[in-house]
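Here's the structure, in C-alpha cells; my notes come after.
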Amino acid sequence: MSAAETGAEARTIVALGLEGSANKLGVGIVKHVYPTGVPGDAELRPEMIEWANVRDTYNPPPGEGFLPRDVAAHHRATIIMLLNQALAEAKLTPKDLHCICYTKGPGMGAPLQSVALVARTLSQIWKLPLVGVNHCVGHIEMGRAITGAENPVVLYVSGGNTQVIAYSQQTYRIFGETLDIAIGNCLDRFARVLKLPNNPSPGYNIEQYAKRGSKYIELPYTVKGMDVSFSGILSFIEKLAKTEADKYTPEDLCYSLQETMFAMLVEITERAMAHIGSKEVLVVGGVGCNVRLQEMMGQMAKEREGKVFATDMRYCIDNGIMIAQAGALAFARGFTTPIKDSWITQRFRTDQVHVEWRT
Amino acid sequence: MSELPHSITLRIPFSDASLADIAKQSLEVDPVLSGDKVQLTVAVDGRYLVATCNGDTLRMVRVSINGFMDSLILVTRTLEAFA
Amino acid sequence: MAEQVLIRQGAEARVYKTTIDGRTAIAKQRFSKKYRHPELDKKLTRGRLNQEARSLKRCKEHGICAPDVIRVDKESATLYIEFISGPTLKEWISGSTDEHEQGELMDVVGQILHRMHSHNIIHGDLTTSNMIINDEPVLIDFGLSQISPSAEDKAVDLYVLERAFISTHPDSETLFARVLEAYRRDDAADAVLRRLEAVRQRGRKRDMTG
C-alpha cells in the first residue's frame, strides 16, 4: 500500500551525531527513511543511509594513559573541523538536519561535557532539538543496523565497559558484567606495562603481539555466575611482566592474556545465550574489533548452531554515527532532550534507557 | 554567599544579546563540581555574558575560571563557525 | 552402566538421568569447549569437576542440603550425584501466588546461605535455577565454587544471586530482601551485607579512567 492509500505520511529523519565519551571524537550523519510513515506500535525499522562518519583519536605517548583533561582539550580543538568535514562529506547544510544527537553518558566527565557544549550551541543556532543518547545503546543499535542481527545476546566490550546484554520488554537488560574493571581497560593497562605504542590503540598492538605468541602461560580465570572479574588477572600478569621478563616473552604474555580473558567473555556470553535461549551473538565496542575474540565467539556459537555478528572498525570503535543512529530512532518516537536537561553524566546504565522503538 | 570569600566577575561582550543568551544556555547546564567550595553562575546583561565565580580559596576560583574559559572559547568558536 | 536419558544440555555439561547401584542418579558430564586453549580447557573442566565434588561433600559434612556424591569419573569428566526431585526455586516462584508461603521460603533460603557461608563455602553461581525445592531447598551446581573466608567473596556470591533474581523474576526485590534479612544472623553476616552494598555500588559507578 502506498503512503497515500494508508494515509500515513512518508517520513525522513536526518540526524547529526556527536560522540566523545573517551579518547575518540566522532561526528556522524545518518538518514532514516520511513516510506509508509513511522509505525505506531511496531518496531522501528527505517531504511538507513549513512552519510558521514568521521573520527579523530587522541593518543598519548607509549606507556601513558589518557587523562580526562587532555582528552577534553583534544575534543575542543578538533570538533569544529570534524563537523565541517562531516557536513562536506554528506554534502549537506544544517538546513537538511532534523536533530542534534549527542552522548549524554556514560564516560569521562570533561570530554563528555566539551561535546555536549557544542551540541547545545548548535541546537540553538540551528533551532534543532537535542537528543541525548546512551553510549552503549548507540553501540547496540549501530551493531543491529549494520549486521541485521534479529535479537542477539550482545557482548559490549570496550575500554570502559564489559557487559552482556539482552533485550526484553523495551529495556536492554544487563545479564552479566565485569565486577571490577572493563576488559579494554585491562588490555590498555597491560599495554602500558609493556610500553606498547598507543597508536592506533593499545588493544590493537596487544592483538598483534598475541598473534606472534604461542606459549600458554597459566593465568587466573575468574567467572562468578554471569559476571567476570579482571583485576586479579591484571595484577598477576603485570607482576609476571615485571619480575619474570626473562622467562616469558611479551608475545607469549599477550597471547595468554587474550586466550584467558576472551575465554571468560565467551563463557558468560554462552551462559546468557543458554539462559534466554538465543542463537545469536552481536559483539560491539572497541574490543569487538579483535579478530581472536571474534574467532572464539564464532567457535562457541557454531557448537550451539548459532551465529556471531560483528562490525568492522568503522563501527566497533566509538563513532558519531552510532549516536545519530540511536538518537534518530528515539527521535522518531518523539523523544527529545530539553536543553536544561542536557547535562552529561559519567554513569548511565544501559538498562536505564526506555527502548521505545522496539516492541 | 558569605562563606566563600574570594570572588571574580567577568563581563564578556558578544556582538548581540541573542548570542550572549545562546552562550549562557549552553554553559549553565553542567553543574560545577565541589559545589560547596566554589560556585560559578552565568547571566546575561544586554549583550554581555556575566560570569561570577565565588570560591573558598583563590586556587579554586582560578581553576574554575580557567575551566570556564575553555568552555566559553569552545562555545564562541562554535558560534563563529556556524551562526 | 544403566541407560542414560539426556535431560539438559547446558553451556558446560550434558546432564543425564540414570541409575547407579539401584539409585536414581544424575550424571553430569562436562565436555571440552573448543574455543578455549586446550590447557585452559583441561584446567577448567578438571578443576570444576573436582571443586563441585569437594563442595558437595563439604556441604553434607556441615548439614547443608546438597545431593550425595556417588561417583567421580575423571576420565570422562563425569560427576554422578543423587537425583533430587522437585521444582527449581525459579519454577516454584513462577508458580506460587501465596505471598506468605513465598516469604517463609525466602527465610529458609537465607538461613541456608548463611550456614553455607559460615563454613566458608562460596557457591559461585547462585541462581534460582540452582536450588531445588524438595522438603528443604537443596543447592546444586557447585562447579564454580571455592572455599574462602573473605567477606568480599561472600558478598559477591550474594550479589550474583541478587542479579539472577532480578533478571529472572521482575519485581522480586521484596523476596530477595527477605533472603538477606534471614541471612543477617550474626556479626559476620553483617560484615558481608555491608560489603554487598560496596559491590552493588561498583556496578553503578563504573568509570573509565585508570
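Even glycines carry a Cβ here, placed using N, Cα and C.
Here's what TrEMBL has on this protein:
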- A:54-324: domain 'Gcp-like' (DOMAIN)
- A:HIS135, A:HIS139, A:TYR156, A:ASP318: divalent metal cation binding site (BINDING)
- A:TYR156, A:VAL157, A:SER158, A:GLY159, A:GLY160, A:ASP188, A:GLY203, A:GLU207, A:ASN290: substrate binding site (BINDING)
**Q.** Nearest of the binding-site residues (A:SER158, A:GLY160, A:GLY203, A:ASN290) to A:HIS139 (divalent metal cation binding site) - Cα to Cα
**A.** A:SER158
Q: Give the residue from the binding-site residues A:HIS135, A:HIS139 that has the most other Cβ atoms within 10 Å of its Cβ, counting over every protein chain displayed.
A: A:HIS139
Q | Integer Å distance between the CA atoms belonging to A:TYR156 (divalent metal cation binding site) and A:ASN290 (substrate binding site) | A | 13
Q: Quick one: pull the CA-CA distance for A:GLY203 (substrate binding site) versus A:TYR156 (divalent metal cation binding site), whole Å only.
A: 15
(Q) If the substrate binders are A:TYR156, A:VAL157, A:SER158, A:GLY159, A:GLY160, A:ASP188, A:GLY203, A:GLU207, A:ASN290 per the record, what's the largest distance between their Cα atoms, in Å? (A) 18
Q) Out of A:SER158, A:ASN290, which of the binding-site residues has the smallest number of neighbouring Cβ atoms within 10 Å? A) A:ASN290
Q. Near chain C by Cβ (under 8 Å): which of the binding-site residues A:HIS135, A:TYR156, A:GLY160, A:ASN290, A:ASP318?
A. A:GLY160
Q) Can you tell me how far the Cα of A:GLY160 (substrate binding site) sits from the Cα of A:ASP318 (divalent metal cation binding site), in Å? A) 11
Q. Taking just the CA atoms, what is the gap between A:HIS135 (divalent metal cation binding site) and A:SER158 (substrate binding site) in Å?
A. 11
Q: Provide the number of Cβ atoms within 10 Å of the Cβ of A:GLY160 (substrate binding site), excluding the reference atom itself.
A: 24
(Q) List every residue in the same chain as A:ASP318 (divalent metal cation binding site), at least 6 positions away in sequence, whose Cβ is under 8 Å from its Cβ. (A) A:GLU19, A:SER21, A:ALA22, A:LYS24, A:GLY26, A:ARG55, A:HIS135, A:SER158, A:GLY286
